[in-house]
Amino acid sequence: MHTTFLFALALTGILVGVVLARDRAHPRSATARLGSAAHLTNEAEREASYWNEFAQETLRAKVQEAAKAGSTQSAKNVILFLGDGMSIHTITATRNLMGDSSNQVSFEKFPYFGLSKTYCVDRQVADSACTATAYLGGVKGNYGTIGVNAKVKRYDCNNGQNPANFVDSIAKWAQDVGKDAGLVTTARVTHASPAGVYAHTANRDWENDAKVYQNGGCSAKDNVDIARQLVEWDVGKKLKVIMGGGRRNFINTTVNDEEGLPGHRTDGLNLIQDWLKDKQANKQQAAYVWSKKGLSLVDLEKTEYLLGLFASSHCPYNGDLERSNYKLVKPSLTEMTDAAIKVLRKNENGYFLFVEGARIDMAHHDTRARKSLEDTLEFSRAIEHARAMTSEEDTLIVVTSDHSHTMTINGYPYRDQPITGLSDQLADDGLPFTVLSYANGPGFSTTYNDKTGRSKISAKQTEDVRFEYLATVPLDSETHGGDDVGVFASGPFAQYFSGNYEQSNIPAMMARALNIGPFANL
(Lines of atoms letter the chains of each structure in order from A and count residues from 1; the text may use other names and numbers.)
(Lines give C-alpha, C1' and ligand atoms only; values in the text may rest on other atoms or scores of the structure.)
Protein backbone atom coordinates (compact mmCIF):
# COMPACT_ATOMS: atom_id res chain seq x y z
CA MET A 1 0.00 0.00 0.00
CA HIS A 2 2.73 2.43 0.98
CA THR A 3 4.88 1.96 -2.11
CA THR A 4 1.78 2.16 -4.32
CA PHE A 5 0.86 5.48 -2.76
CA LEU A 6 4.37 6.88 -3.19
CA PHE A 7 4.47 5.75 -6.82
CA ALA A 8 1.18 7.56 -7.43
CA LEU A 9 2.60 10.64 -5.75
CA ALA A 10 5.61 10.51 -8.06
CA LEU A 11 3.31 10.73 -11.08
CA THR A 12 1.79 14.08 -10.09
CA GLY A 13 2.46 17.23 -12.13
CA ILE A 14 5.88 18.90 -12.11
CA LEU A 15 4.89 22.10 -10.36
CA VAL A 16 1.90 21.02 -8.27
CA GLY A 17 3.61 17.87 -7.01
CA VAL A 18 6.74 19.70 -5.99
CA VAL A 19 4.85 22.45 -4.17
CA LEU A 20 2.73 19.96 -2.23
CA ALA A 21 5.77 17.90 -1.28
CA ARG A 22 7.59 21.03 -0.16
CA ASP A 23 4.67 22.05 2.04
CA ARG A 24 4.97 18.65 3.78
CA ALA A 25 8.72 18.95 4.18
CA HIS A 26 8.56 20.30 7.73
CA PRO A 27 6.51 18.03 10.05
CA ARG A 28 4.60 19.49 12.94
CA SER A 29 5.05 17.02 15.76
CA ALA A 30 3.36 17.23 19.14
CA THR A 31 6.68 18.03 20.79
CA ALA A 32 7.30 20.82 18.28
CA ARG A 33 3.95 22.34 19.24
CA LEU A 34 4.67 22.12 22.94
CA GLY A 35 8.30 23.24 22.63
CA SER A 36 9.28 21.66 25.93
CA ALA A 37 12.15 23.38 27.70
CA ALA A 38 13.44 19.90 28.51
CA HIS A 39 14.85 19.75 24.98
CA LEU A 40 17.09 22.77 25.64
CA THR A 41 20.63 22.19 26.89
CA ASN A 42 21.22 25.85 27.71
CA GLU A 43 18.46 28.12 28.93
CA ALA A 44 20.52 31.18 27.94
CA GLU A 45 20.02 30.30 24.27
CA ARG A 46 16.48 31.68 24.52
CA GLU A 47 17.96 35.17 24.85
CA ALA A 48 19.05 37.15 21.78
CA SER A 49 21.88 38.57 23.88
CA TYR A 50 23.46 35.11 24.17
CA TRP A 51 23.94 34.87 20.42
CA ASN A 52 24.97 38.53 20.08
CA GLU A 53 27.67 38.15 22.71
CA PHE A 54 28.86 34.92 21.11
CA ALA A 55 29.14 36.69 17.74
CA GLN A 56 30.89 39.66 19.34
CA GLU A 57 33.59 37.40 20.77
CA THR A 58 34.10 35.66 17.44
CA LEU A 59 34.15 38.97 15.60
CA ARG A 60 36.75 40.48 17.96
CA ALA A 61 39.04 37.57 17.18
CA LYS A 62 38.48 38.11 13.44
CA VAL A 63 39.22 41.83 13.80
CA GLN A 64 42.50 41.03 15.53
CA GLU A 65 43.42 38.59 12.76
CA ALA A 66 42.62 41.20 10.10
CA ALA A 67 44.71 43.83 11.90
CA LYS A 68 47.70 41.52 11.72
CA ALA A 69 47.23 41.27 7.96
CA GLY A 70 46.87 45.03 7.52
CA SER A 71 43.91 47.39 7.25
CA THR A 72 40.93 46.54 5.08
CA GLN A 73 38.57 49.02 3.45
CA SER A 74 34.94 48.75 4.54
CA ALA A 75 32.43 47.37 2.08
CA LYS A 76 29.88 49.65 0.45
CA ASN A 77 27.61 46.76 -0.59
CA VAL A 78 26.95 43.20 0.55
CA ILE A 79 25.23 40.50 -1.47
CA LEU A 80 24.28 37.32 0.39
CA PHE A 81 23.63 34.37 -1.91
CA LEU A 82 21.75 31.54 -0.21
CA GLY A 83 21.62 28.14 -1.89
CA ASP A 84 18.73 26.58 -0.01
CA GLY A 85 19.67 23.04 0.97
CA MET A 86 22.96 23.29 -0.93
CA SER A 87 25.06 20.75 0.94
CA ILE A 88 28.74 20.17 0.26
CA HIS A 89 27.69 16.97 -1.53
CA THR A 90 25.41 19.03 -3.77
CA ILE A 91 28.29 21.29 -4.80
CA THR A 92 30.56 18.31 -5.43
CA ALA A 93 27.97 16.56 -7.58
CA THR A 94 27.32 19.75 -9.55
CA ARG A 95 30.98 19.83 -10.62
CA ASN A 96 30.51 16.47 -12.29
CA LEU A 97 27.29 17.63 -13.96
CA MET A 98 29.43 20.42 -15.45
CA GLY A 99 31.56 17.76 -17.16
CA ASP A 100 34.24 16.60 -14.74
CA SER A 101 34.98 16.40 -11.03
CA SER A 102 37.95 18.76 -11.51
CA ASN A 103 35.61 21.62 -12.44
CA GLN A 104 34.68 24.39 -10.05
CA VAL A 105 31.38 26.18 -9.66
CA SER A 106 31.91 29.94 -9.77
CA PHE A 107 31.91 30.61 -6.04
CA GLU A 108 34.45 27.86 -5.30
CA LYS A 109 36.97 30.24 -6.87
CA PHE A 110 36.36 32.77 -4.09
CA PRO A 111 39.48 33.21 -1.95
CA TYR A 112 37.97 32.44 1.47
CA PHE A 113 36.01 29.44 2.68
CA GLY A 114 34.53 28.39 6.01
CA LEU A 115 31.91 26.12 7.55
CA SER A 116 28.86 27.13 9.58
CA LYS A 117 26.91 25.14 12.15
CA THR A 118 23.23 25.12 11.25
CA TYR A 119 21.31 23.67 14.22
CA CYS A 120 18.27 25.45 15.74
CA VAL A 121 17.97 26.10 19.45
CA ASP A 122 15.51 23.20 19.78
CA ARG A 123 16.51 20.88 16.87
CA GLN A 124 19.74 19.23 15.73
CA VAL A 125 18.56 19.34 12.11
CA ALA A 126 17.32 22.78 11.11
CA ASP A 127 14.64 24.08 8.78
CA SER A 128 14.80 27.16 6.56
CA ALA A 129 12.96 29.31 9.11
CA CYS A 130 15.16 29.19 12.19
CA THR A 131 18.25 29.33 9.96
CA ALA A 132 17.01 32.51 8.25
CA THR A 133 16.88 34.21 11.64
CA ALA A 134 20.46 33.06 12.25
CA TYR A 135 22.18 34.07 8.99
CA LEU A 136 20.15 37.28 8.57
CA GLY A 137 19.56 38.40 12.17
CA GLY A 138 22.45 36.91 14.10
CA VAL A 139 20.25 35.03 16.60
CA LYS A 140 19.34 31.35 16.69
CA GLY A 141 15.66 30.59 17.17
CA ASN A 142 13.32 27.61 17.32
CA TYR A 143 12.36 25.35 14.44
CA GLY A 144 9.59 26.83 12.28
CA THR A 145 9.90 30.41 13.59
CA ILE A 146 11.23 33.44 11.71
CA GLY A 147 12.67 36.72 12.97
CA VAL A 148 12.05 35.98 16.65
CA ASN A 149 14.25 34.70 19.46
CA ALA A 150 13.99 31.28 21.11
CA LYS A 151 11.53 32.53 23.72
CA VAL A 152 8.99 32.04 20.95
CA LYS A 153 7.91 28.47 20.31
CA ARG A 154 6.32 27.52 17.02
CA TYR A 155 2.57 28.33 16.91
CA ASP A 156 2.90 30.67 19.92
CA CYS A 157 0.19 33.21 19.04
CA ASN A 158 1.07 35.61 21.82
CA ASN A 159 4.84 35.72 22.19
CA GLY A 160 5.33 35.57 18.43
CA GLN A 161 3.90 39.06 18.01
CA ASN A 162 5.59 40.59 21.04
CA PRO A 163 8.11 43.15 19.68
CA ALA A 164 10.39 42.39 22.62
CA ASN A 165 11.04 39.02 21.01
CA PHE A 166 11.67 40.35 17.50
CA VAL A 167 15.07 39.91 15.88
CA ASP A 168 16.04 42.62 13.39
CA SER A 169 17.74 41.54 10.17
CA ILE A 170 20.77 42.98 8.42
CA ALA A 171 18.34 44.49 5.89
CA LYS A 172 17.00 46.77 8.64
CA TRP A 173 20.51 47.61 9.81
CA ALA A 174 21.30 48.68 6.24
CA GLN A 175 18.12 50.73 5.90
CA ASP A 176 18.79 52.46 9.22
CA VAL A 177 22.00 54.00 7.86
CA GLY A 178 20.60 55.05 4.48
CA LYS A 179 21.53 52.00 2.45
CA ASP A 180 18.95 50.23 0.29
CA ALA A 181 17.93 46.60 0.61
CA GLY A 182 16.24 44.03 -1.57
CA LEU A 183 15.53 40.35 -2.06
CA VAL A 184 15.41 37.89 -4.94
CA THR A 185 14.25 34.28 -4.68
CA THR A 186 12.94 31.44 -6.81
CA ALA A 187 10.53 30.55 -4.00
CA ARG A 188 7.47 32.50 -2.93
CA VAL A 189 8.69 35.85 -1.60
CA THR A 190 6.84 35.00 1.62
CA HIS A 191 8.63 31.65 1.99
CA ALA A 192 10.84 30.96 5.01
CA SER A 193 14.22 32.15 3.69
CA PRO A 194 13.21 35.48 2.11
CA ALA A 195 10.80 36.16 4.99
CA GLY A 196 13.84 36.30 7.26
CA VAL A 197 14.73 39.60 5.58
CA TYR A 198 11.64 41.42 6.87
CA ALA A 199 9.22 39.25 8.91
CA HIS A 200 8.64 38.25 12.53
CA THR A 201 6.40 35.22 13.05
CA ALA A 202 5.87 32.19 15.24
CA ASN A 203 5.06 30.01 12.24
CA ARG A 204 6.70 29.96 8.82
CA ASP A 205 3.43 28.67 7.31
CA TRP A 206 1.55 31.90 8.06
CA GLU A 207 2.17 33.30 4.57
CA ASN A 208 -1.41 34.60 4.23
CA ASP A 209 -4.29 35.32 6.60
CA ALA A 210 -6.08 32.02 5.98
CA LYS A 211 -2.97 30.05 7.00
CA VAL A 212 -2.76 31.81 10.37
CA TYR A 213 -5.93 30.13 11.54
CA GLN A 214 -5.50 26.86 9.62
CA ASN A 215 -1.99 26.20 10.94
CA GLY A 216 -2.18 27.02 14.61
CA GLY A 217 -5.70 28.33 15.22
CA CYS A 218 -4.46 31.86 15.88
CA SER A 219 -6.15 35.15 15.08
CA ALA A 220 -5.07 36.67 11.75
CA LYS A 221 -5.87 40.07 13.22
CA ASP A 222 -3.44 39.72 16.10
CA ASN A 223 -0.87 37.67 14.15
CA VAL A 224 -0.17 39.61 10.97
CA ASP A 225 0.60 37.22 8.13
CA ILE A 226 3.94 37.33 6.32
CA ALA A 227 2.60 38.84 3.07
CA ARG A 228 1.02 41.73 4.97
CA GLN A 229 4.24 42.29 6.89
CA LEU A 230 6.08 42.58 3.58
CA VAL A 231 3.69 45.25 2.28
CA GLU A 232 2.66 47.04 5.48
CA TRP A 233 5.51 46.81 7.98
CA ASP A 234 8.49 49.13 7.95
CA VAL A 235 11.33 46.93 6.68
CA GLY A 236 9.22 45.32 3.95
CA LYS A 237 7.80 48.64 2.78
CA LYS A 238 11.31 50.04 2.37
CA LEU A 239 12.68 47.13 0.33
CA LYS A 240 13.63 48.57 -3.06
CA VAL A 241 13.54 45.18 -4.81
CA ILE A 242 11.23 42.22 -4.19
CA MET A 243 11.34 39.47 -6.83
CA GLY A 244 10.25 35.85 -6.82
CA GLY A 245 7.00 33.90 -6.78
CA GLY A 246 3.96 33.80 -4.52
CA ARG A 247 1.23 35.98 -6.05
CA ARG A 248 -1.42 33.81 -4.41
CA ASN A 249 -0.56 35.17 -0.96
CA PHE A 250 -1.23 38.76 -2.05
CA ILE A 251 -4.74 38.40 -3.53
CA ASN A 252 -8.10 37.06 -2.38
CA THR A 253 -9.60 33.68 -3.21
CA THR A 254 -12.22 35.51 -5.28
CA VAL A 255 -9.56 37.12 -7.49
CA ASN A 256 -7.55 35.45 -10.26
CA ASP A 257 -4.00 36.54 -11.00
CA GLU A 258 -2.60 37.43 -14.44
CA GLU A 259 -2.28 33.74 -15.32
CA GLY A 260 -5.83 32.89 -14.23
CA LEU A 261 -4.95 31.30 -10.87
CA PRO A 262 -6.91 32.23 -7.73
CA GLY A 263 -5.45 33.87 -4.66
CA HIS A 264 -5.34 32.32 -1.20
CA ARG A 265 -6.29 35.29 0.97
CA THR A 266 -9.70 35.42 2.67
CA ASP A 267 -9.63 38.97 4.05
CA GLY A 268 -10.46 40.72 0.76
CA LEU A 269 -7.12 42.50 0.55
CA ASN A 270 -5.21 43.00 -2.68
CA LEU A 271 -1.71 43.56 -1.37
CA ILE A 272 -0.24 44.14 -4.82
CA GLN A 273 -2.54 47.10 -5.30
CA ASP A 274 -1.85 48.25 -1.75
CA TRP A 275 1.90 48.18 -2.47
CA LEU A 276 1.43 50.27 -5.61
CA LYS A 277 -0.87 52.77 -3.86
CA ASP A 278 1.63 53.26 -1.05
CA LYS A 279 4.43 54.07 -3.49
CA GLN A 280 2.19 56.40 -5.54
CA ALA A 281 1.07 58.22 -2.40
CA ASN A 282 4.72 58.88 -1.57
CA LYS A 283 5.45 59.98 -5.16
CA GLN A 284 7.93 57.14 -5.66
CA GLN A 285 8.74 55.57 -9.02
CA ALA A 286 7.49 52.00 -8.65
CA ALA A 287 6.84 49.11 -11.00
CA TYR A 288 4.97 45.83 -10.52
CA VAL A 289 5.65 43.06 -13.06
CA TRP A 290 4.55 39.45 -13.35
CA SER A 291 6.37 38.21 -16.47
CA LYS A 292 9.80 38.22 -18.08
CA LYS A 293 8.52 40.57 -20.76
CA GLY A 294 7.19 42.96 -18.15
CA LEU A 295 10.56 42.97 -16.41
CA SER A 296 12.35 43.69 -19.68
CA LEU A 297 10.16 46.79 -20.22
CA VAL A 298 10.98 48.37 -16.84
CA ASP A 299 13.38 51.30 -16.93
CA LEU A 300 15.63 50.08 -14.14
CA GLU A 301 17.67 53.30 -14.09
CA LYS A 302 14.59 55.35 -13.17
CA THR A 303 12.70 52.80 -11.07
CA GLU A 304 13.03 53.25 -7.30
CA TYR A 305 10.91 50.28 -6.22
CA LEU A 306 10.47 47.01 -8.10
CA LEU A 307 8.00 44.25 -7.22
CA GLY A 308 8.13 41.18 -9.44
CA LEU A 309 5.86 38.22 -8.69
CA PHE A 310 6.46 35.72 -11.48
CA ALA A 311 4.35 32.76 -10.33
CA SER A 312 1.32 31.94 -8.23
CA SER A 313 3.52 29.77 -6.01
CA HIS A 314 7.22 29.03 -6.50
CA CYS A 315 9.10 29.91 -9.70
CA PRO A 316 9.82 26.95 -12.02
CA TYR A 317 12.95 24.84 -11.74
CA ASN A 318 15.70 26.25 -13.93
CA GLY A 319 16.00 22.97 -15.84
CA ASP A 320 12.30 23.13 -16.61
CA LEU A 321 12.77 26.71 -17.80
CA GLU A 322 15.42 25.54 -20.25
CA ARG A 323 13.44 22.53 -21.45
CA SER A 324 10.17 24.39 -22.05
CA ASN A 325 8.64 27.63 -23.20
CA TYR A 326 8.73 28.85 -19.60
CA LYS A 327 12.02 30.61 -20.41
CA LEU A 328 10.08 32.95 -22.70
CA VAL A 329 7.76 34.11 -19.92
CA LYS A 330 9.64 33.54 -16.64
CA PRO A 331 12.96 35.18 -15.75
CA SER A 332 15.84 33.06 -14.50
CA LEU A 333 17.60 33.66 -11.18
CA THR A 334 20.46 35.30 -13.07
CA GLU A 335 18.08 37.66 -14.87
CA MET A 336 16.36 38.64 -11.63
CA THR A 337 19.73 39.20 -9.93
CA ASP A 338 20.84 41.41 -12.80
CA ALA A 339 17.73 43.60 -12.50
CA ALA A 340 18.04 43.82 -8.71
CA ILE A 341 21.62 45.05 -8.80
CA LYS A 342 20.76 47.65 -11.44
CA VAL A 343 18.03 49.09 -9.23
CA LEU A 344 20.02 49.00 -5.99
CA ARG A 345 23.37 50.31 -7.24
CA LYS A 346 21.92 53.78 -7.79
CA ASN A 347 22.17 54.47 -4.06
CA GLU A 348 25.52 56.12 -3.38
CA ASN A 349 25.43 54.84 0.19
CA GLY A 350 25.30 51.23 -0.97
CA TYR A 351 22.96 48.30 -0.44
CA PHE A 352 22.30 44.85 0.99
CA LEU A 353 20.85 42.26 -1.38
CA PHE A 354 19.62 38.77 -0.49
CA VAL A 355 19.47 36.25 -3.37
CA GLU A 356 18.11 32.72 -2.86
CA GLY A 357 18.35 29.69 -5.11
CA ALA A 358 15.38 28.09 -3.40
CA ARG A 359 14.59 25.14 -5.60
CA ILE A 360 17.88 23.35 -4.96
CA ASP A 361 16.22 22.37 -1.71
CA MET A 362 12.81 21.50 -3.13
CA ALA A 363 14.22 19.05 -5.66
CA HIS A 364 16.16 17.32 -2.88
CA HIS A 365 12.92 16.93 -0.89
CA ASP A 366 11.53 15.04 -3.89
CA THR A 367 14.79 13.04 -4.23
CA ARG A 368 15.07 14.40 -7.78
CA ALA A 369 18.80 14.99 -7.62
CA ARG A 370 19.27 15.99 -11.26
CA LYS A 371 16.88 18.92 -10.87
CA SER A 372 18.67 20.04 -7.72
CA LEU A 373 22.04 20.04 -9.48
CA GLU A 374 20.59 21.96 -12.44
CA ASP A 375 19.36 24.67 -10.08
CA THR A 376 22.75 24.73 -8.36
CA LEU A 377 24.35 25.42 -11.73
CA GLU A 378 22.01 28.36 -12.33
CA PHE A 379 22.71 29.59 -8.80
CA SER A 380 26.42 29.53 -9.67
CA ARG A 381 25.78 31.48 -12.87
CA ALA A 382 23.87 34.16 -10.95
CA ILE A 383 26.80 34.55 -8.54
CA GLU A 384 29.32 34.76 -11.37
CA HIS A 385 27.18 37.42 -13.04
CA ALA A 386 26.87 39.42 -9.82
CA ARG A 387 30.61 39.29 -9.23
CA ALA A 388 31.17 40.58 -12.79
CA MET A 389 28.68 43.43 -12.24
CA THR A 390 30.33 44.57 -9.02
CA SER A 391 33.81 45.42 -7.75
CA GLU A 392 35.75 43.32 -5.28
CA GLU A 393 37.02 46.63 -3.90
CA ASP A 394 33.66 47.71 -2.48
CA THR A 395 31.25 44.76 -2.69
CA LEU A 396 31.41 41.75 -0.39
CA ILE A 397 29.71 38.65 -1.79
CA VAL A 398 28.98 35.81 0.64
CA VAL A 399 27.65 32.46 -0.59
CA THR A 400 26.28 29.87 1.80
CA SER A 401 23.43 27.49 2.55
CA ASP A 402 20.88 27.31 5.32
CA HIS A 403 21.18 23.55 5.85
CA SER A 404 22.21 20.38 4.08
CA HIS A 405 20.31 17.33 2.77
CA THR A 406 20.70 13.57 3.07
CA MET A 407 21.98 13.01 -0.48
CA THR A 408 25.35 11.30 -0.71
CA ILE A 409 27.80 10.23 -3.44
CA ASN A 410 28.86 6.58 -3.39
CA GLY A 411 29.89 3.45 -5.30
CA TYR A 412 33.40 4.22 -6.66
CA PRO A 413 32.17 5.42 -10.08
CA TYR A 414 34.73 5.96 -12.84
CA ARG A 415 35.81 9.53 -13.46
CA ASP A 416 33.94 9.79 -16.78
CA GLN A 417 30.67 8.30 -15.53
CA PRO A 418 27.70 10.67 -15.19
CA ILE A 419 27.09 11.30 -11.51
CA THR A 420 23.35 11.19 -12.16
CA GLY A 421 23.59 7.61 -13.43
CA LEU A 422 24.37 4.13 -12.09
CA SER A 423 27.50 2.94 -10.35
CA ASP A 424 29.71 0.74 -12.53
CA GLN A 425 29.44 -2.14 -10.04
CA LEU A 426 26.56 -4.28 -8.83
CA ALA A 427 25.53 -4.61 -5.23
CA ASP A 428 25.79 -7.90 -3.32
CA ASP A 429 22.23 -8.74 -4.37
CA GLY A 430 23.28 -8.59 -8.02
CA LEU A 431 21.33 -5.39 -8.73
CA PRO A 432 22.58 -1.97 -9.85
CA PHE A 433 22.44 1.15 -7.70
CA THR A 434 22.73 4.88 -8.35
CA VAL A 435 25.80 6.98 -7.63
CA LEU A 436 23.58 9.49 -5.84
CA SER A 437 21.21 8.30 -3.14
CA TYR A 438 19.31 9.58 -0.12
CA ALA A 439 18.92 8.41 3.46
CA ASN A 440 15.15 8.85 3.21
CA GLY A 441 12.41 10.23 1.00
CA PRO A 442 9.95 9.36 -1.80
CA GLY A 443 12.73 7.58 -3.72
CA PHE A 444 12.01 4.61 -1.43
CA SER A 445 9.32 3.58 -3.93
CA THR A 446 12.00 3.52 -6.64
CA THR A 447 14.28 1.47 -4.43
CA TYR A 448 11.92 -1.23 -3.19
CA ASN A 449 8.76 -3.02 -4.31
CA ASP A 450 6.40 -5.47 -2.64
CA LYS A 451 7.14 -8.39 -5.00
CA THR A 452 10.92 -8.65 -5.30
CA GLY A 453 12.28 -6.35 -2.61
CA ARG A 454 14.94 -4.09 -4.09
CA SER A 455 14.02 -2.92 -7.57
CA LYS A 456 16.20 -3.29 -10.67
CA ILE A 457 17.06 0.22 -11.86
CA SER A 458 18.10 0.90 -15.46
CA ALA A 459 20.41 3.62 -16.75
CA LYS A 460 17.56 4.88 -18.93
CA GLN A 461 15.42 5.55 -15.86
CA THR A 462 18.09 7.83 -14.40
CA GLU A 463 18.06 9.95 -17.57
CA ASP A 464 14.54 11.16 -16.73
CA VAL A 465 14.80 14.48 -14.86
CA ARG A 466 11.84 13.43 -12.70
CA PHE A 467 13.52 10.18 -11.62
CA GLU A 468 13.42 9.80 -7.85
CA TYR A 469 16.78 8.60 -6.60
CA LEU A 470 17.19 5.64 -4.27
CA ALA A 471 16.24 6.21 -0.63
CA THR A 472 16.53 3.89 2.37
CA VAL A 473 13.63 5.07 4.55
CA PRO A 474 10.11 5.73 3.19
CA LEU A 475 9.04 9.36 3.62
CA ASP A 476 6.82 11.39 1.31
CA SER A 477 9.39 14.21 1.56
CA GLU A 478 13.11 13.75 2.16
CA THR A 479 14.48 15.49 5.24
CA HIS A 480 17.24 18.00 5.71
CA GLY A 481 20.67 16.96 6.96
CA GLY A 482 22.39 18.26 10.07
CA ASP A 483 25.96 18.57 8.77
CA ASP A 484 27.80 21.88 8.49
CA VAL A 485 27.46 23.91 5.28
CA GLY A 486 30.03 25.87 3.31
CA VAL A 487 30.53 29.63 3.36
CA PHE A 488 32.40 31.23 0.44
CA ALA A 489 33.43 34.90 0.44
CA SER A 490 34.94 37.46 -1.93
CA GLY A 491 35.51 41.18 -1.40
CA PRO A 492 36.16 43.45 1.60
CA PHE A 493 36.53 41.56 4.90
CA ALA A 494 36.14 38.21 3.10
CA GLN A 495 38.90 36.81 5.32
CA TYR A 496 36.47 36.91 8.27
CA PHE A 497 34.53 34.01 6.79
CA SER A 498 37.28 31.40 7.11
CA GLY A 499 37.15 28.81 9.88
CA ASN A 500 34.23 27.09 11.57
CA TYR A 501 31.57 29.11 13.38
CA GLU A 502 27.93 29.44 14.33
CA GLN A 503 25.58 30.30 11.46
CA SER A 504 24.41 33.24 13.56
CA ASN A 505 27.88 34.80 13.23
CA ILE A 506 27.43 35.37 9.49
CA PRO A 507 25.37 38.61 9.69
CA ALA A 508 27.75 39.94 12.34
CA MET A 509 30.67 39.57 9.95
CA MET A 510 28.70 41.07 7.04
CA ALA A 511 27.60 43.98 9.23
CA ARG A 512 31.19 44.57 10.33
CA ALA A 513 32.23 44.70 6.68
CA LEU A 514 29.53 47.34 6.06
CA ASN A 515 30.16 49.06 9.40
CA ILE A 516 26.47 48.96 10.29
CA GLY A 517 24.19 47.63 13.01
CA PRO A 518 25.21 46.31 16.43
CA PHE A 519 28.50 44.94 15.09
CA ALA A 520 29.93 48.17 13.67
CA ASN A 521 33.19 49.75 14.83
CA LEU A 522 34.49 46.84 16.86
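Every residue, even glycine, has its Cβ placed from backbone N, Cα and C.
The Cβ of SER128 (active site, phosphoserine intermediate) lies under 8 Å from the Cβ of ASP84, HIS191, ALA192, SER193, ARG204, ASP361, ASP402, HIS403, each on the same chain and at least six residues away in sequence. Feature annotation from TrEMBL assigns active site, phosphoserine intermediate to SER128.
The Cβ neighbour count for HIS403 (Zn(2+) binding site), using a 10 Å radius and every protein chain shown, is 27. For ASP84, ASP361, HIS365, ASP402, HIS403, HIS480, the entry in TrEMBL reads Zn(2+) binding site.
The feature Mg(2+) binding site is assigned by TrEMBL to ASP84, HIS191, SER193, GLU356. The Cβ of SER193 (Mg(2+) binding site) has 27 other Cβ atoms within 10 Å, all protein chains considered.
According to TrEMBL, the signal peptide annotation covers 1-21.
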Least buried by Cβ count (within 10 Å) of the binding-site residues HIS365, HIS480: HIS480
Residues flanking the Mg(2+) site, with Cβ no more than 8 Å from the Cβ centroid of ASP84, HIS191, SER193, GLU356 and excluding those residues themselves: LEU82, SER128, ALA132, THR185, THR186, ALA187, ALA192, PRO194, GLY357, ALA358, ASP361, ASP402
GLU356 (Mg(2+) binding site), number of other Cβ atoms within 10 Å: 30
Between GLU356 (Mg(2+) binding site) and HIS365 (Zn(2+) binding site): CA-CA distance (Å): 17
